[in-house]
Amino acid sequence: MRQINQTQVTEFLLLGLSDGPHTEQLLFIVLLGVYLVTVLGNLLLISLVHVDSQLHTPMYFFLCNLSLADLCFSTNIVPQALVHLLSRKKVIAFTLCAARLLFFLIFGCTQCALLAVMSYDRYVAICNPLRYPNIMTWKVCVQLATGSWTSGILVSVVDTTFILRLPYRGSNSIAHFFCEAPALLILASTDTHASEMAIFLMGVVILLIPVFLILVSYGRIIVTVVKMKSTVGSLKAFSTCGSHLMVVILFYGSAIITYMTPKSSKQQEKSVSVFYAIVTPMLNPLIYSLRNKDVKAALRKVATRNFP
């Protein structure tokens with residue numbers, strides 16, 4: 001037994017969302033439906049922005065980047081979870097687990113940065129409308145989007161390195177449905193304080209700093225909107241920002257609970273992870289499309305053109 005414990009783990013057993021066969025069948029149907037809506041919703045949003053010239057603006061450029069990150073974020077997790085719901089042996093190789101952890105963090109961290117960039121875009125559009133075209137040029141937009149993806153990659157590489165450098169020689173059972181940092185740290189065969197501190201500091205960089213920037217941006221927006229004499233202008237400004245604010249609250253709220261708060265129960269961690277890893281990517285395109293007149297107009301235009 002001592003020799004077994006000293007052997008490096010080569011695969012992990014994912015305990016999943018449930019161990020009941022009937023519950024797993026129901027979860028498979030629900031997750032499959034959610035994933036299909038996520039894929040179709042985000043692809044539709046990206047396609048609409050691509051084909052409709054009225055949507056060729058900085059706001060929709062960033063929205064396309066967010067939809068792409070959402071799509072990749074969900075695709076990295078859900079298909080594997082669906083396969084495991086139908087499998088008796090829910091095993092994942094160490095290398096594959098490491099790869100999925102890295103991509104999960106990349107797409108998640110990129111979303112954090114993009115949401116902060118989108119709040120800055122709304123701030124400039126509402127607080128400096130006359131200077132907006134000169135400030136948010138396409139060159140600046142590409143730089144901001146590239147910076148978001150780059151920061152997401154850098155933070156993710158640091159987090160993943162600190163997690164994977166730990167020895168895993170004991171239990172290989174992960175009390176989760178995918179390879180997530182907090183669930184993996186529990187299995188490490190050594191002190192994880194340094195790794196936890198590194199993840200916390202990266203969380204400050206990619207979670208708390210963007211949240212602070214978003215709050216500052218929306219604080220300035222609210223002050224500007226309150227000063228507006230036109231009721232129509234105020235309502236339009238709040239409507240434009242409302243969708244983004246809803247997405248920010250949903251994603252950041254659940255992510256901060258997972259990575260920036262004291263450890264909670266395993267069941268609570270899984271529930272929060274389901275929300276921000278599976279549900280939020282599905283809700284984002286729905287929130288932006290259902291609350292956005294431009295997107296709905298583009299959808300009607302495409303529908304009329306193809307189904308007269």
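Glycine residues also receive a Cβ, built from the backbone N, Cα and C atoms like all the rest.
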With reference to Swiss-Prot, specify whether L13 and K301 are located on the same side of the membrane. no
Take the transmembrane segment (271-290) and find every residue of the same chain, 6 or more past its ends, with a Cβ under 8 Å from one of its Cβ atoms. 17, 31, 34-35, 37-38, 41-42, 44-45, 63, 66-67, 70-71, 73-74, 77-78, 104, 108, 176-178, 180, 243, 246-247, 250-251, 254-255, 257-258, 296, 299
Tell me, please, if the transmembrane segment (101-120) and the transmembrane segment (26-49) are in contact, taking contact as 3+ Cβ pairs under 8 Å between residues separated by 6 or more positions? no
Folded-back contacts onto the topological domain 'Cytoplasmic' (291-308), same chain, C-beta under 8 angstroms, at least six residues removed: 44-45, 48-49, 51-52, 54-55, 60, 239, 242-243
With the cut-off at Cβ under 8 Å and a gap of six or more residues from its ends, the chain residues touching the topological domain 'Extracellular' (80-100) are 9-17, 24-25, 27-28, 31-32, 35, 160, 164, 168, 177-179, 184
